[in-house]
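The next block holds one structure in the form of structure tokens; read it before the comments.
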Amino acid sequence: MAPVFTAFSADGQRVNLAVIKHYAKFLAENGILGVLVNGTSGEGMSMTLEERKATTEAWIDASKSNGIHVQVQVGGTNMPDVLELTRHAESKGAHSILCLPELFNRPANAAELIEYLGAVGAAAPKTPLLYYHNPGYTSVNLDVPSFMTSAARAIPTFAGIKFTDTNLEMGIKCVRQDGGAHSVFLGCDYVLAGAFALGFSSSIATCLNLLPRLCNRILQAVQKGSVLEAREAQDTLNKAAQAITKNGKWVPAMKAAMKLLTGLDMGPARAPLQSLPDQHIPTLNKDLSDLKLL
């Protein structure tokens, strides 16, 4: 599942919805089975309520021609808007919903997080709900496997998590929790091979946008028992990610690389993020060429 970028106009003031149909076609043709809309890579927390709604609707509409699963991230804003985005996602036919924890008044324990997610789940009673575990971003740390068991008991629609953490010991416990009853998506590009080898089978990783075949090759290599092939593909992916981000922050740099690698222009990052300066584009182009990715 690709955590899709949001394409902005050159001045960063408007969302470019027109690119989404081409974006969806590209992903579907390159083996991507689903998209996460308005997540971290999509700069959802920097968008207005109406922009997030319009982007959700455009992706759901685009998915109808290619069967892509659309998951919508609804968190990262005030509670009334979180619930409004949740109701909207369900009403428009989103296939699943992902939600960050409250980012300012952070939950102090699993019980508080479950109460918060319970309200979100109640706003979309027919749609699977997943929790977005990203402690490096949210500073919400908890025993995730235990939380999953408790959340499933308390929230009828609870379906799993996005696990954006390099702690694969905890990650594989999440995969196996309650007999593997929950969906667990890995959110870390740098450890795909190790995670797949341990038992992960799903991922929501930024590089699936711009290097989908390379990322899929890692999973396929693990599935057929080719450790060396998986390691080599992961090494190439890591070198690419390092080259892309050496002169800029993760999302802005990945958006710049997206244009070089796919031809799809995602526009600038939205403030307060700063776009990758143009002076670094030639170096990025050379680095990706040296890796035989261009």
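Here the Cβ of each residue, glycine as well, is placed from N, Cα and C on the backbone.
Among the features that TrEMBL reports, active site, proton donor/acceptor is placed at TYR132.
The annotation active site, schiff-base intermediate with substrate is assigned in TrEMBL to LYS162. There are 28 other CB atoms within 10 A of the CB of LYS162 (active site, schiff-base intermediate with substrate), with all protein chains counted.
As annotated by TrEMBL, pyruvate binding site applies to ILE204. Around the Cβ of ILE204 (pyruvate binding site), a 10 Å sphere holds 26 further Cβ atoms from the protein chains shown.
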Other C-beta atoms that fall within 10 angstroms of the C-beta of TYR132 (active site, proton donor/acceptor): 25
